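Undergrad: As annotated in TrEMBL:
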- Gly42, Val43, Thr44, Gly45, Ser46, Gly47, Lys48, Thr49: ATP binding site (BINDING)
- 503-572: coiled coil (COILED)
- 620-638: compositional bias 'Basic and acidic residues' (COMPBIAS)
- 662-672: compositional bias 'Basic and acidic residues' (COMPBIAS)
- 765-776: compositional bias 'Acidic residues' (COMPBIAS)
- 1-380: domain 'Kinesin motor' (DOMAIN)
- 616-681: region 'Disordered' (REGION)
- 744-776: region 'Disordered' (REGION)
Amino acid sequence: TQYSFKEVFGTLVVQKELFDVVAKPLVEDLIRGKNGLLFTYGVTGSGKTHTMTGSPGDGGLLPRCLDMIFNSIGPFQAKRFVFKLDDKNGVDVQCEVDALLERQKRDAMPVPKTPSGKRQIDPEFADMINVQDHCKVEEVDEDNVYSVFVSYIEIYNNYIYDLLEEAPFDPIKPKWNNCNTPVRNGDFIPPQSKILREDQNHNMYVTGCTEVEVKSTEEAFEVFWRGQKKRRIANTQLNRESSRSHSVFIIKLAQAPLDADGDNVLQEKEQITLSQLSLVDLAGSERTNRTKAEGNRLREAGNINQSLMTLRTCIEVLRENQMYGTNKMVPYRDSKLTHLFKNYFDGEGKVRMIVCVNPKAEDYEESLQVMRFAEMTQEVEVARPVDRPLCGLTPGRRFRNQAFREELSRKLEMRGGPINGETEEQSVSEMFLQNFPPLPSCELLDVNDDQTLPKLIEVLEKRHKLRQMLSEEFAKNVLAFKTMLQEFDSSVVSKENYIQGKLSEKEKTIAGQKMELERLEKKIKTLEYKIEILEKTATIYEEDKRNLQQELESKSQKLQRQASDKRRLEARLQGMVTETTMKWEKECERRVAAKQLEMQNKLWVKDEKLKQLKAIVTEPKNEKPERPSRERDREKPVQRSVSPSPVPNAPPVRLRHRRSRSAGERWVDHKPPSNLPTETVMQPHVPHAITVAAASEKALAKCDKYMLTHQELASDGEIETKLIKGDVFKTRGGGQAVQFTEIETLKQESPTGRKRRSSPSNPDPPEDAADSEWTDVETRCSVAVEMRAGSALGPGYQHHAQPK
């Protein structure tokens, strides 16, 4: 069986190659403000958790995603608590004062909830996040500030639990008493499941879930590792550390533009973009007869398989709706897993799936199901979200503000001025205090004191000169500063002119591209219209083709029916012709045989007449016979036999039974009880015969011959009796078998077409009358022909009798 995927990775693939192909595009979309979903799917023990988390020295997809995010937004991160998540899946911007108060409150806590970036990394996972690739996203918006929030949940037995919730409980071995109820003490607090809700943008989120703001890869992965220790795993027959729940690690990236000065975050909630990347480690599908699960493990396996089946059903319904244009309801609410990511399948982000396959032969059936489902999911197309509009502020304001500050500091440093405002105030006051000479004592204790006033006058004159020098220096500085400002203004104007020229060029390019886009859109519309016309034409042609095919099929079926009727009629006519031919052949044979018999009878009659005539002629003529008178003739007519006998005193015909040709052998005379008595003169009689009504092996063992008397109705309505004869011989198995040898037929017919004459009506009949005289019934019945079965004379004359 072959399955096709967008990318296939072998067993020796490294984590970096897998990350570059699968997860790197999702991180780029996350920083550009788009959502993403990545989950691993496969049979239990196929390496899903290893693919997501990695191993010491070779981090998986999750630490590499975190490292790429912080490498990209590192210099542009906002201070902690500038962005604040609310309880309705939204984000707010706080001013610097509120953020400072939040930070002071956090620093005042005895044990901080989130780990500090300056703390030493836990050596348990230090090797996993020590990624040396320094991969980052190109073209990050430098005028935005960013903050990263992470949360970690698990879906266990179709309930959602927060893995970052600070609750002192042991998920693997909770404390229960003998009544299977939690121990009511302060040490154990059972975890509370969370509820799914929908925000104003129709995105699903988990209410009351702990979301931690992190500032580095180490801090984020430490949060993940803290929740990973609470995840439910168990030992099964197929995996020593089998995941018993679906884990979801959610990375939220909040970004907002800077204000026009490039100093602070723009205090407008509409300009905040909140994107999300969900990394899902699904629990493996498993068969309980292989894992030998019992109790809680069995219930966990059932819920895992049920949630994966719901995921598969949702994908299949989406595919059916897209392929066939149906509007079936997708059953997202049947499982918390599909309900949580409903907006992803509805088009709010990009979805990637990694199928993990174990080459073990024992996983063959499960791997086939996984591959079939994964290949089907590729046919589901998810609509991509539209890019968010720009804020309208001038790009590059962050670096212009930084450049202005650096230039100002450099100029002041060159002129010996201060670098910042506090040192400036401090240096001016110190300069005045140091440059001005101290005033002498102005107290006059003596009238004749002529030194105090001259000293005071001298000091005041020095101060005046110094003041004039400072004024001139200040004027010079003001003039230099004005000159510098003018130069800066001129440079700014020149840069603005240059930027305006570039902008005009870009606008021209954009206008040309817009015109090209309009032209291409018109061309696309024209092509779409042509495609629509071609599709309609193709539909019409397909309909015509379908109708013609149906018509062709109906006509071919009709032709087949006609051909079968024709063949049936031909067979019927052939049978009728054959039957008629056989019938006429038999009739012809019968007529020929009858004609032959009639001719033989005529010849015999003529011979008899000739003999009588010869006897009369040869008789001596002693006296002339007297002619009888008419009266005597009338009174005593001459008695003349219709059938004169050739012998004067012939004995009377004695009725006799037909004797079998094999009288010395023993016979079995089989006469079925359904036979009727025929009352014919000739009756079959076999001596030394055993008469039976049904053939039996006992009777056949005593005899050598076998005869079956069979009666059937002839075509003329008379009963026809057939004697079917055969030889009896023993078989190898010790039984008896009959081989039929011949058939004798006895048939009785009624006279048809001729009238029997008792006396002649004419004393001297003509020759024709004499011929007809011997063709009546008596004549025909007085002659019999003995023949064997199957004689050619026809069935009407196969009688056995003695001639008269």
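Any Cβ shown, glycine's included, is placed from N, Cα and C.
Nobody curates TrEMBL annotations by hand; they come from automatic prediction.
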Undergrad: Averaged over the domain 'Kinesin motor' (1-380), what pLDDT does the prediction give?
TA: 82
Undergrad: Which residues of the same chain, at least 6 positions away in sequence, have a Cβ lying under 8 Å from the Cβ of Gly42 (ATP binding site)?
TA: Lys48, Leu282, Gly284, Ser285, Val355, Cys356, Val357, Asn358, Val370
Undergrad: Taking the binding-site residues one at a time (Gly45, Gly47), which has its Cβ surrounded by the most other Cβ atoms within 10 Å?
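TA: The residue with the densest Cβ neighbourhood is Gly45.
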Undergrad: Ten-angstrom check, please: count other Cβ atoms within 10 Å of the Cβ of Thr44 (ATP binding site), all chains counted.
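TA: A count of 24.
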Undergrad: By a simple count, how many Cβ atoms lie within 10 Å of the Cβ of Ser46 (ATP binding site), its own Cβ left out?
TA: 25
Undergrad: Relative to the Cβ position of Lys48 (ATP binding site), how many further Cβ atoms are located within 10 Å?
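TA: Result for Lys48 (ATP binding site): 24 other Cβ atoms within 10 Å.
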